[in-house]
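*Asks:* After the structure tokens below, expect a handful of questions from me.
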Amino acid sequence: MKKDIYILGLETSCDETAAAIIKNGRDIIANVVSSQIESHKRFGGVVPEIASRHHVEQITLVLEETLHQADMTFSDLDAIAVTKGPGLVGSLLVGVNAAKALAFAHQLPLIGVHHIAGHIYANRLMKEFAFPLLSLVVSGGHTELVLMEEHGSFQVIGETRDDAAGEAYDKVARTLNLPYPGGPHIDRLAAQGQPVIDLPRAWLEEGSYDFSFSGLKSAVINTLHNAEQRKQAIKAEDVAASFQQSVIDVLTAKTVKAAKEYRVKQVLLAGGVAANKGLRAALEEQFAELADIELIIPPLSLCTDNAAMIAAAGTVLYEQGKFEDLAMNGYPGLDIEQ
Ligand code: KG4
Ligand code: ZN
């Protein structure tokens, strides 16, 4: 019988300090996330210096809570996995150094995980992967269509040429005077409004799976300014609904087209914007008609940053024998294809 594998994951790439223990890459034994959102809200975005300091304060507490929840000690673990990039360098370094110290002290293998690979593997905590599969990754820093032929292999077939989807949500939210992070607020307002404002959809050239959201963001800002100058009332709910409809139309259309072209068995949704109710509903509607493609959408708690997804992706690297030594660093611009 195969021995069970227990991996401890650590995630500190942005503004959540998180630790988790996963069994065999699929079962969550413990999952703890400490969010710093409250500290960054008054600045309207993540302040890197503040983020690093919070990670330093929280990491030991989060780690202790994770072991406590799992009722385990380090001797029960098989490896330590940590996000090594991309992300804020000061934030990444807190997790990376904690992981290196733990691996050294407890003589455990060290695994470095790509943050986006983690977001993709959050889906494996719901359902076993069937290849080839396509993942729509939509987060605060990334918007990508990633094709996977097997475990640990990632081919980016399309990506944003300017703003990430989450970034566009946050910027539009700011112009509507909504708090950071703006995504959930726009999502909520959109449900109360109608997409009556005509906004652009950046389809780009024929056959491209790339995205662009900066033109849409500028169009929203122009619409608001013009209305203000003409002293016309414009409902924030309708702005939110129109913006969201434009984002969703492009994301779903390109995902469906790529899923058919590459004949994938599964389509996964990943990243913070995967929490968007409108996007989830639109994808569910589209893929309900495509019986041979299975759509997997993680629960909200696994869409935003967490360490369960890092341990899940780390388990595959453990099985492939891909380990790091103590020279591992934090890599802010790490490429998923390498
Ligand atoms: O993946 P994530 O937690 O952090 C990064 O790796 O970037 O994503 C955070 C992003 C933020 O831009 C936030 O506004 C967005 O996800 N977000 C949403 C929703 N919930 C979070 N965007 C749209 N609708 C939501 N419900
Ligand atoms: Zn993330």
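Any Cβ shown, glycine's included, is placed from N, Cα and C.
In case it's useful when we look at the structure, here is the feature table from TrEMBL:
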BINDING   His115, His119, Asp305  Fe cation binding site
BINDING   Val137, Val138, Ser139, Gly140, Gly141, Asp170, Gly183, Asp187, Asn276  substrate binding site
DOMAIN    28-311  domain 'Gcp-like'
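Each of these features: where is it, how hidden is it, and who are its neighbours?
*Replies:* The Cβ of Asp305 (Fe cation binding site) lies under 8 Å from the Cβ of Glu11, Ser13, Cys14, Asp15, Glu16, Ala18, Val33, Gly272, each of these being in the same chain and 6 or more residues away along the sequence.
According to DSSP, Gly141 (substrate binding site) sits in a coil region rather than a helix or strand.
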*Asks:* Of Val137, Gly141, Asp305, which binding-site residues come close to ligand 2, meaning Cβ under 6 Å from one of its atoms?
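*Replies:* Among the binding-site residues listed, those whose Cβ sits under 6 Å from ligand 2 are Asp305.
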*Asks:* Which whole-number mean pLDDT does the model give the domain 'Gcp-like' (28-311)?
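*Replies:* For the domain 'Gcp-like' (28-311), the model's average pLDDT rounds to 95.
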*Asks:* Just to be sure I understand the packing, how many Cβ atoms besides its own are within 10 Å of the Cβ of Ser139 (substrate binding site)?
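*Replies:* The answer is 24.
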*Asks:* Which of these binding-site residues is closest to His119 (Fe cation binding site) if you go by CA atoms: Ser139, Gly141, Gly183?
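*Replies:* Spatially nearest to His119 (Fe cation binding site) by Cα position is Ser139.
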